[in-house]
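Chemist: Just dropping this structure here.
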Amino acid sequence: MTPAQLKFLKIVTKEKYFAENSKILLALSGGKDSMTLFNWLYELRAKLHIELGIAHINHGLRPESDFEEQALRKMASDLGIPIFVDRFTGEFTEQKAREFRYHFFEKIMIAENYDVLLTAHHQGDVVETVLMRQITGRPLRSLQGIADCQPFAKGQLIRPLLKFTKEELDAAVFYEDSTNQGVDYFRNRIRNQLIPELTKENPQFSQAISDLSSEIKMALTVINQKISELEIVDEKISYHKFISQTKELQHFILQAFFAQYPEIKVSKKKFEEILHIIRRPQQYSAQLNKDFQFVKTKDYFYIEKRQLITASLEILSENPNDASFMEVYLPLEGQLEIRKRQPGDQILINGHHKKLRKFFIDNHVPLQARENPLIFVEKKLYAIVGVACSDLSKELKNDKIRRILWVKPSIGEEINDARKKS
């Protein structure tokens with residue numbers, strides 16, 4: 001057993017990456033990294049008590065791609081190892097190819113009941129990833145590099161070579177991808193141009209970046225421990241606990257909070273806006289994307305899936321003697337309009353016109369109630385159903401010539417700019 005292979009066995013055993021009798025699916029490109037990992041796993045399969053399978057993607061970018069696929073198929077057949085192959089189609093980009101690969105791996109893991117997906121990412125990949133993220137302005141949390149273990153499909157995605165340098169990978173037979181030597185792609189420029197120049201300045205540059213990534217990971221562990229001390233109920237963070245932290249820690253807590261939702265991309269400007277709003281006592285909601293919104297109440301803040309709230313209205317012309325109905329006084333004549341809130345809407349309260357947004361904030365109106373229907377006559381707001389009547393309505397209370405409606409909001413068919421004439 002070579003020193004590198006012994007190191008691999010110690011890491012796998014110490015980290016308890018595989019349970020006995022695990023089914024392991026290896027993402028095998030045919031390059032030196034993945035062929036080394038395959039060789040080590042194949043030779044240690046009995047000692048590790050694992051069942052090994054291979055997944056390969058033919059990207060079709062090079063004339064030799066088909067030859068390499070056939071060579072890997074033959075190797076797997078000769079060794080009695082199951083192999084699963086798919087071919088990338090469509091316009092090639094790094095992102096599309098990555099998504100295609102992992103979708104294929106997930107499909108195979110589920111269909112064939114594999115427990116673990118292994119990839120051959122090593123220390124060099126960590127350095128490249130950290131530099132790419134730093135150059136593109138990613139937050140500190142993303143500079144902790146590549147996780148060695150994470151949930152994937154119905155099992156785990158494990159990267160057991162992250163503590164190995166490229167030089168430690170010792171496969172004698174492998175297939176060199178000539179496209180890796182070019183500079184057409186961002187990662188290739190990092191690998192083939194930037195890192196060699198920086199290594200001239202510091203021969204231990206790659207190790208230094210790897211160490212920095214590890215230190216960032218440790219620092220974030222401390223931050224995560226502080227986060228665990230917060231009051232979190234149903235994925236909602238306590239506003240009062242949050243606001244008691246230092247501003248610096250608040251920043252990282254919110255960062256970690258958003259990191260739980262990888263499908264949500266928040267710009268730096270939006271992040272700072274939300275952080276500023278959280279620090280204020282007012283309730284708040286903001287659309288993050290087409291599927292999610294950020295919500296802050298008096299006691300908590302959280303992210304929820306956006307739902308179409310269809311506000312409808314129960315309207316009675318006779319007193320129902322039901323306290324849940326609001327009594328609204330209206331002019332006898334004029335066009336009645338019932339609609340949802342729009343930007344710029346105002347209400348006349350205590351002799352002053354107020355924009356609804358400010359009225360809601362000043363009076364701590366719950367977020368859901370802010371979506372209640374509005375009642376207008378001749379474009380003038382008389383009532384926010386279930387919330388308040390304007391001065392215009394109150395002034396008609398003692399008039400003999402008037403209309404009275406008893407109204408309350410309910411959930412039903414959406415009312416959007418419904419109009420009635422009286």
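The backbone N, Cα and C atoms fix where each Cβ goes, and this holds for glycine too.
So TrEMBL says this about it:
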- SER29, GLY30, GLY31, LYS32, ASP33, SER34: ATP binding site (BINDING)
- 336-406: domain 'Lysidine-tRNA(Ile) synthetase C-terminal' (DOMAIN)
Chemist: Just how many other Cβ atoms lie inside 10 Å of the Cβ on ASP33 (ATP binding site)?
Modeler: 22
Chemist: From the centroid of the CB atoms of SER29, GLY30, GLY31, LYS32, ASP33, SER34, the recorded ATP site, which same-chain residues not already listed sit within 8 A by their CB, in sequence order?
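Modeler: Not counting the recorded site residues, we get LEU28, MET35, THR36, ALA120, ALA171, PHE174, TYR175, ASP177.
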Chemist: Which one of the binding-site residues (SER29, SER34) has its C-beta surrounded by the most other C-beta atoms within 10 angstroms?
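Modeler: Result of the Cβ crowding comparison: SER34.
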Chemist: Return the residue, from the listed binding-site residues GLY30, GLY31, with the maximum count of other C-beta atoms within 10 angstroms of its C-beta.
Modeler: GLY30
Chemist: Output, ordered by sequence, the same-chain residues six or more apart from LYS32 (ATP binding site) with a CB under 8 Å from its CB, or 'none'.
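Modeler: In sequence order, the residues whose Cβ lies under 8 Å from that of LYS32 (ATP binding site) (at least 6 apart) are LYS166, LEU169, ALA171, PHE174, GLU176.
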Chemist: Counting each residue once, how many in the domain 'Lysidine-tRNA(Ile) synthetase C-terminal' (336-406) are helix, strand and coil under DSSP?
Modeler: 15 helix, 27 strand, 29 coil
